[in-house]
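Okay, so here's the structure we're looking at.
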Amino acid sequence: SILTVLILTLLALLTVATFLWNLLVLATILRVKAFHRVPHNLVASTAVSDALVAALVMPLSLVKELSAGRRWRLGRALCLAWVSFDVLCCTASIWNVTAIALDRYWSITRHLRYTLLARRRISNVMIALTWLLSAAISLAPLLGWGETYSPEQQRCQVSQDPSYTIVSTGGAFYLPLCVVLFVYWKIYKASKFHMGGRRRNAVVPLPAAAQVKETSQEPQMVFTARRAAISFQTDGETWREQKEKKAALMVGILIGVFVLCWIPFFITELISPLCSCNIPPVWKSIFLWLGYSNSFFNPLIYTAFNKNYNNAFKNLFVKQR
C-alpha cells in the first residue's frame, strides 16, 4: 500500500540521516583541536554508538520490516550478529547519555574539585565501563543464555529467557534511567539553590560617601579609594548561573527525549517474556524504531546548545567548498 511505502521510505531516510549527522559530529570533533578534550570525548563516544546503530542495526531491521510477516530470512549467523550489535550499540548509546548527564552534574556541583584533569580521567573511565557493560550484555546470549534465532518460525529477536530479560533490561535501561532522573533532580536543585543564594546576597548600590555604614537588612559590597565609593550592582545573571541554567536545560531535554524514545520498548520487552503476553508485531516494530530514533535526536540536542559546534559546522563546510 501507499502508506506502507511511505513508512518504509521515512524509516530509510531516518537511517541515512542518523548515520550522516553522527558522522558529521565525529568529523567536527576530529578536525577541531578545541574539541579534543572533555566533555567532547563523551559526545564522540555517543556519536560512535549512534552511528553504529544507523550503520549496523537499522538497515537489517529495515530488511526485516520489508519481509512478509516480519520473518527473518537471512540465516542464523547474521541473526546472531544483528542482535548482538543491536544490544551492544543501543546499550552503549543509553549509557553514553547517562555519562554526559553525570559529567554536567559534577561540573556544576563540584566545579572546584572537578578540574579538567579529573574530568578527563573520569570521562575515560565512564566510556570504558559503558562499552564493557554493553559488550557483556550483548554477548551473554552467544554464550548460551537464551536463544535468539528460531529456524522453524524464521524468527530473530533478543533472547526471551526471563532471567536474561530482567538482567538485560535492568542493565541497559532501568538502571541508567534511575541515574539520569536522580542527576537531573540534583542539577535542578543545585541551580535553584545558587539562584536563591544570589538573590539573598544581592549587592545594592550605595550613595556616594566616604564611609561604609552597616545596614540591618542585606550585606553590601563597597570598595573605597580615597574619597570615592565604588559599588557594584548584580541585577543580571552571572556567567556561572547562565551556564548552570543552560546545562540544566540541555540535560533535561536530553533525558526527556531519551525516556520518551526508549520507555515504550523496554516496558514491553520486560513484560512480554514474564507474562507470556502476545504483543502485536506492528507495535513491537513501532516501539523499536522509536528507540532507534533516539540516536538521531542525541546529536541534535547536544550540538544545539553549543555555539562552537554551529561555528565548526559552518567552517567545515566552507573549507570543503
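Cβ from N, Cα, C; glycine included.
According to TrEMBL, the feature transmembrane segment maps to 6-30, 42-60, 80-102, 122-144, 164-185, 247-267, 287-305. Residues or ranges marked as domain 'G-protein coupled receptors family 1 profile' in TrEMBL: 21-302.
Within its own chain, the transmembrane segment (6-30) has Cβ neighbours under 8 Å at 36, 40, 43-44, 47-48, 50-51, 53-55, 58-59, 62, 65-66, 289, 292-293, 295-296, 298-300, 303, 309, 312-313, 316, counting only residues six or more beyond its boundaries. Averaged across the domain 'G-protein coupled receptors family 1 profile' (21-302), pLDDT for the predicted model comes to 80.
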